[in-house]
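What follows is a single structure, written as structure tokens, with notes after it.
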């Protein structure tokens with residue numbers, strides 16, 4: 001009985017719908033929407049009570065069989081006929097309350113769960129026009145209600161579309177193309193006057209396309225053939241439809257089809273970039289998309305090639321790095337650091353970089369860019385992209401040029417401050433520039449692209465200075481050219497507080513990071529301010545470096561006694577250089593001072609390595625010999641009989657000695673562990689005494705040693721108070737970097753009373 005009642009109720013309901021059907025369209029009579037919530041309909045229940053089921057969609061009414069052929073024969077009708085939306089025409093795309101319809105391809109789950117077979121024609125359709133599936137019933141569409149849920153509603157197509165109908169033409173995909181509007185019965189284009197990304201954002205939103213909206217000009221996707229319908233479109237980017245944007249009247253313009261506007265609505269994927277916070281679309285803070293969130297890029301190691309790649313990926317031809325202070329501040333995450341692009345990347349994340357989110361930066365170091373199209377006349381970096389490599393910061397380094405797909409260097413023949421001025425100008429720096437020669441920032445590894453570059457100092461770019469064929473040279477990488485930009489800023493910060501300089505020892509005022517002699521790497525300028533060198537005067541040769549040394553005060557230097565074995569202890573034969581970094585390039589903090597006195601330990605014998613220690617008094621008046629600065633500071637002495645193996649950590653050796661290939665021109669540094677006394681005794685037997693210590697990394701693949709050119713140089717260790725103490729003087733060893741043969745050093749704590757008695761320190 002219950003089943004019979006249910007069947008009867010269904011039949012009566014169907015008959016009721018047929019009785020209420022419109023005699024012309026055979027569709028349910030019009031009713032306003034959205035209807036007030038009604039508890040009997042699951043679709044309108046509050047979300048907390050709503051069962052997980054498909055909304056009740058408008059099903060086609062069951063018409064008498066005799067009338068069905070008439071329905072099937074209905075053809076597309078013009079928009080002047082009331083309440084008609086042709087099955088293939090772009091008429092209505094909003095509900096009868098003016099709510100925009102969703103695109104049919106945005107709601108496939110609902111279509112898949114809907115029973116009528118005629119609805120299959122709507123699946124995957126990339127438009128939002130109202131439809132009557134199968135030609136039955138009133139046209140309707142999906143929309144999103146006030147609660148953000150997918151709903152459906154009827155359309156009234158009598159006046160054509162409630163929102164302008166838009167399509168993209170000429171692109172490689174449905175996400176890009178020339179913008180065309182349907183108006184007054186025909187398709188037409190938009191003029192690109194004042195067309196920008198804000199306009200593109202509205203177009204993409206109206207088309208239901210998410211992602212990055214970008215405006216394109218000058219008929220980028222080809223010229224249209226219909227009328228030009230709109231001009232001077234000025235959207236803010238927040239509008240739901242282009243109809244809401246300020247614009248010219250329909251059909252009013254002063255353009256040709258060469259100015260047809262286009263857009264691209266690129267899907268958001270990891271690595272997509274944009275410019276944000278600028279006053280126009282071609283400038284701003286560089287931001288990259290990752291895991292659903294935009295973030296910034298740190299400028300550590302940022303080069304002109306990175307700028308070129310970023311601007312090219314954004315659709316521009318050229319660009320320059322800009323101060324991020326010109327753009328709005330950011331509170332977004334810093335996604336990328338140490339980015340390095342080669343110029344061939346098709347995506348920004350193909351550039352070399354740190355892992356996502358790994359950085360040591362603040363937002364003050366965000367990359368800012370200004371990009372320019374080819375037609376703008378703003379080509380600020382013409383010719384060869386350039387970059388600075390292996391400097392202490394982005395304002396200095398070895399000059400490298402990108403030619404024929406490969407980075408290479410410039411030979412320093414004739415290289416002067418005028419050349420440096422041009423390089424720095426091309427990179428966007430305005431301060432004084434200084435040239436550096438003789439591979440001051442290390443030797444490059446690629447080809448040498450240029451030689452005999454001729455600059456007057458007034459050129460805008462390096463390309464204006466090249467007079468010789470690319471690739472033609474007679475140089476080696478030991479002659480690679482470099483520059484320092486904004487030079488005065490570095491110099492004025494270099495003198496420090498006079499009270500601190502005169503009263504302290506063991507202070508490293510300029511070290512910022514540690515790179516790692518054999519197993520070592522270039523140090524930073526001024527990072528080891530007590531490093532000195534003992535040099536022969538020209539009467540005994542070419543003034544070459546003889547030994548390393550350690551500055552103990554303005555007038556006293558510590559070194560090894562064996563340094564005087566060959567040329568004797570005549571003070572007039574030697575000079576001491578402090579504040580040096582590159583042995584062949586004069587620098588502002590460098591001082592070369594004559595020797596007044598040489599004091600060799602009385603127990604030293606030339607045929608032995610014991611007591612291998614000496615003191616050198618510099619020429620000067622009173623206690624003022626070397627001028628102290630951030631690059632010239634004394635080291636601290638240890639306590640008498642102090643055991644560095646127990647009290648010291650973080651030990652380093654420094655010098656200009658053997659690097660494993662040749663003697664270095666730039667100061668080297670290497671971290672070494674202090675080794676147990678018993679190990680050294682077992683290895684060197686009776687040659688190792690209590691006045692010695694040994695240090696070095698003994699692993700086969702990571703051996704670090706101090707070699708011939710570093711004789712007399714310091715072995716420094718850091719104490720808990722962050723001061724540095726000289727615990728050793730480089731003395732002797734078996735070869736350089738040979739397995740199980742650590743370097744041997746004179747143990748300075750054993751000689752503290754002698755040092756103080758000689759120097760009165």
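Placement of Cβ uses the backbone N, Cα and C atoms for every residue, glycine included.
Features of the protein shown, as given by Swiss-Prot:
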{"type": "ACT_SITE", "residues": "562", "note": "active site, charge relay system"}
{"type": "ACT_SITE", "residues": "612", "note": "active site, charge relay system"}
{"type": "ACT_SITE", "residues": "711", "note": "active site, charge relay system"}
{"type": "COMPBIAS", "residues": "54-63", "note": "compositional bias 'Pro residues'"}
{"type": "DISULFID", "residues": "101-141", "note": "disulfide bond"}
{"type": "DISULFID", "residues": "130-155", "note": "disulfide bond"}
{"type": "DISULFID", "residues": "191-255", "note": "disulfide bond"}
{"type": "DISULFID", "residues": "204-265", "note": "disulfide bond"}
{"type": "DISULFID", "residues": "235-245", "note": "disulfide bond"}
{"type": "DISULFID", "residues": "298-361", "note": "disulfide bond"}
{"type": "DISULFID", "residues": "311-371", "note": "disulfide bond"}
{"type": "DISULFID", "residues": "341-351", "note": "disulfide bond"}
{"type": "DISULFID", "residues": "411-475", "note": "disulfide bond"}
{"type": "DISULFID", "residues": "424-485", "note": "disulfide bond"}
{"type": "DISULFID", "residues": "547-563", "note": "disulfide bond"}
{"type": "DISULFID", "residues": "680-694", "note": "disulfide bond"}
{"type": "DOMAIN", "residues": "85-157", "note": "domain 'Kringle'"}
{"type": "DOMAIN", "residues": "166-267", "note": "domain 'SRCR 1'"}
{"type": "DOMAIN", "residues": "273-373", "note": "domain 'SRCR 2'"}
{"type": "DOMAIN", "residues": "386-487", "note": "domain 'SRCR 3'"}
{"type": "DOMAIN", "residues": "517-760", "note": "domain 'Peptidase S1'"}
{"type": "CARBOHYD", "residues": "93", "note": "N-linked glycosylation site"}
{"type": "CARBOHYD", "residues": "521", "note": "N-linked glycosylation site"}
{"type": "CARBOHYD", "residues": "569", "note": "N-linked glycosylation site"}
{"type": "REGION", "residues": "26-88", "note": "region 'Disordered'"}
{"type": "REGION", "residues": "505-516", "note": "region 'Zymogen activation region'"}
{"type": "SIGNAL", "residues": "1-21", "note": "signal peptide"}
- request: Give me the stretch from 166-267, 386-487, 517-760 with the greatest number of Cβ pairs under 8 Å to the domain 'SRCR 2' (273-373).
  value: 386-487
Field: Spatial neighbour of residue 265 (disulfide bond) that is closest, considering only the active-site residues 562, 612, 711 and their CA atoms
entry: 711
- request: Specify the nearest of the active-site residues 562, 612, 711 to residue 204 (disulfide bond), where nearness means the distance between Cα atoms.
  value: 711
Query: Hey, how far is residue 191 (disulfide bond) from residue 612 (active site, charge relay system), Cα to Cα, in Å?
result: 85
Averaged pLDDT score, the domain 'Kringle' (85-157): 70
- request: Could you measure between residue 311 (disulfide bond) and residue 711 (active site, charge relay system) for me? Cα positions, answer in whole angstrom.
  value: 52
- prompt: Of 235, 245, 485, 569, 612, 694, which recorded positions are close to residue 563 (disulfide bond), meaning a Cα within 10 Å of its Cα?
  reply: 569, 612
Task: Taking Cα atoms as reference points, rank the disulfide-bonded residues 101, 141, 235 by distance from residue 612 (active site, charge relay system) and give the first.
output: 235
Task: Enumerate same-chain residues with a sequence separation of six or more from residue 562 (active site, charge relay system) and a Cβ-Cβ distance below 8 A; give 'none' if the list is empty.
output: 604, 606, 609, 612, 711, 712, 731, 732
Message: Please give me the recorded positions out of 130, 361, 371, 485, 569 that lie within 10 Å of residue 93 (N-linked glycosylation site), comparing Cα atoms only.
response: 130
- prompt: Counting only other Cβ atoms and using a 10 Å cut-off, which of the disulfide-bonded residues 235, 255, 485 scores lowest?
  reply: 255
Query: Including all protein chains displayed, how many Cβ atoms other than that of residue 547 (disulfide bond) lie within 10 Å of its Cβ?
result: 27
Alpha-carbon spacing, residue 680 (disulfide bond) to residue 547 (disulfide bond), which is rounded to whole Å: 24
Query: Using DSSP, how many residues in the domain 'SRCR 2' (273-373) fall into helix, strand and coil?
result: 19 helix, 35 strand, 47 coil
Message: Name the residue among the disulfide-bonded residues 311, 351, 361, 411, 424 whose Cβ has the smallest number of other Cβ atoms within 10 Å.
response: 361
